[in-house]
Amino acid sequence: DGYRNTNQVSDDYRYQDGNYDPPNDGYYRGGDEPAQEEDAQSDVTEGHDEDDEVYEGEYQGIPHPDDIKEKQKKRAPAVDDEYRDRADLMAERMEDEEQLAHQYENIIEECGHGRFQWTLFFVLGLALMADGVEVFVVGFVLPSAEKDMCLSSSNKGMLGLIVYLGMMVGAVLLGGLADKLGRKQCLIISLAINAAFAFLSSFVQGYGFFLFCRLISGLGIGGTLPIVFAYFSEFLSREKRGEHLSWLCMFWMIGGIYASAMAWSIIPHYGWGFSMGTKYHFHSWRVFVLVCALPCIASLVALKFMPESPRFLLEIGKHDEAWMILKQVHDTNMRAKGEPERVFTVSYIKTPKQVDEFIEIQSSTGTWYQRWLVRITTTLKQVWDNVLYCLTAQYRMNTLMLAVVWFTMALSYYGLIVWFPDMIRYFQDEAYESRVKIFDEEEVSHFTFNFTLENQIHRNGEYRNDKFIGMKFKEVRFEDSLFEDCYFEDVRSSETFFENCTIISTIFYNTDLYEHKFINCRLINSTFMKEKEGCHIDFEEDNDFLIYLVSFLGSLSVLPGNIISALLMDKIGRIKMIGGSMLISAVCCFFLFFGNSESAMIGWQCLFCGASIAAWNALDVITVELYPTDKRCS
């Protein structure tokens, strides 16, 4: 065998010289190659231009390996793709993608990291900031919106839930479309949906319409998140990806700070608004919702001036468009560095084999809505196929592991974000109840109450010929008391009840002392005239300042974690970053059990948020990196 291999090598060289005669060994050889021209050998040894690529062995008459492959392709019979097995096409595409991945990394390194990436960084940062703002909006407006819309506890819970439900659907739908239609186009659609329905939600009056607007706005929020990270990562080299994606996550923190500051400065000014008749009211919390839509609109406008991801364009075979964008990136960065003379040396980029079958529907085929129905169903099927692809054998374990980590991170972070205000309110209620004033067996007659009674309990009292005019009861209880010949006019109340009381010959005019506030009471010859219109629900008095302050501190506390994760992401790795961050977060969460004051709870919340943000950042990075380009957003 060794002897025959040696002969074969020499045969190959004789074949390349053009003097090869097929050996008579009983094996069939393909058609004879036409002999080269007589001066072919001398041509080989002639000089080359400066730009010619010279490789070792050329002057010995050995042709370039690419020339040999080209000859073999010419000799091989051409087979149309439609007659080839899909597995063969997919194998060829996988090979092309591997070549493209290596070449694209080299191209991005040649383009450098400079002005273009920083411009895109701020544009996509605005989009991420807009998402952070919109997530906080509902929590900030609820204390005011519940009064305007008369929301029960279940209504408030649904309003908080509906945004996350929209985010879940939007992430799957718009994230999947970004792998088919393009990063930029789908990001524009997501931001437009978010901006339009967030803007609209500030004007609608009814609870049902407001709920619907926040649901659709959530679709846009959910669609933005996966696209932003995939889009930016495709303009970054591997060595800079972890660091700069972590810096990008800081805009979520900026969104939380912006929302807290705007809520703090706008919502308490209840007079910042207008009314149209008795039915339409535009109060300050609606102004706040409008202001929160501004980052989304700004990002939408700026994104119009940014190009599509060249990595995505190469994936779908649009070589020339991708090359022009990469040249733009290169030239922009080189000009910013003061090296405008640097030339973009890439002339050809490998594009993967196109396997997907697209059928162009003629305008004469069916009606317009039938054609659109076919297009939509085909696209949705491709999106669903991408989702299923993440569960194939190659990616199943990665997907399941990531799903567990994403779920536990979201459960702990958002669960505690929802729980903290309730816990702080619990401490406030305890302190408030400790200051309650109790009055036993008091007798008051011919007296006019025109001031606020707050946090009081009156037991076994007697009130005769008294007037309660233009006043407010706040957290007041009357137990086993007598009211005789009294007069209540223009009275407002919250968390006020009459228990086991006897009320004789008393008039209630223009009050909100409704029937459910009299528990086991005897009403004798008493009259209720012109009850106050509006909501019949008692609302908790929230300390708005404290709620905004807690959210502001919680958002600000993630700054150190963001900086640390950005600087160490590429040094210690994604997995160690996630594990270490989650472990420290769990310790902070454990010590919440021992918190017995507002300040302690706020402190542990800040530590928890600051520790967990590093895991969030690493999770964003590793999720982008574990999947191929055409499945990354999905």
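Along the chain as shown, the residues are counted starting at 1.
Each residue, glycine too, has its Cβ placed from N, Cα and C.
Features as listed in TrEMBL:
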type	residues	note
COMPBIAS	1-10	compositional bias 'Polar residues'
REGION	1-81	region 'Disordered'
TRANSMEM	120-145	transmembrane segment
DOMAIN	120-634	domain 'Major facilitator superfamily (MFS) profile'
TRANSMEM	157-178	transmembrane segment
TRANSMEM	185-203	transmembrane segment
TRANSMEM	209-233	transmembrane segment
TRANSMEM	245-267	transmembrane segment
TRANSMEM	287-306	transmembrane segment
TRANSMEM	400-420	transmembrane segment
TRANSMEM	545-568	transmembrane segment
TRANSMEM	575-595	transmembrane segment
TRANSMEM	601-622	transmembrane segment
Mind checking which residues reach the transmembrane segment (245-267)? Cβ under 8 Å, same chain, six or more beyond either end.
121, 124-126, 128-133, 135-137, 140-141, 144, 228-229, 232-233, 236, 284-285, 287-288, 291-292, 295, 544-545, 548-549, 551-552, 554-556, 558-559, 562, 565-566, 569, 613, 616-618, 620-621, 624
So if I exclude everything within five residues of the ends of the transmembrane segment (400-420), which remaining residues of that chain have a CB under 8 angstroms from its CBs? That is, six or more out.
160, 164, 550, 554, 578, 582, 585, 589, 592, 601, 605, 608-609, 612, 615-616, 619, 622-623, 626
Touch test for the transmembrane segment (185-203) and the transmembrane segment (287-306), at least 3 Cβ pairs under 8 Å:
yes
Six or more residues out from either end of the transmembrane segment (157-178), which same-chain residues have a Cβ under 8 Å from its Cβ atoms?
134-135, 138-139, 142, 145, 151, 185-187, 189-190, 193, 210-211, 214-227, 230, 379, 382-384, 386-387, 414, 418, 633-634
Residue numbers, six or more beyond the limits of the transmembrane segment (209-233), whose CB comes under 8 Å of its CB atoms:
120-121, 124, 127-128, 130-131, 134-135, 138, 145, 149, 158-159, 162-175, 178, 183-184, 186-187, 189-195, 197-198, 200-201, 241, 244-245, 248, 296, 309, 620-621, 623-625, 632-634
Folded-back contacts onto the transmembrane segment (601-622), same chain, C-beta under 8 angstroms, at least six residues removed:
229, 241-242, 245-246, 249, 253, 402, 405-406, 409, 412-413, 416, 420, 423-424, 427, 550, 553-562, 564-566, 569, 574-575, 577-578, 580-582, 584-585, 588-589, 591-592, 595
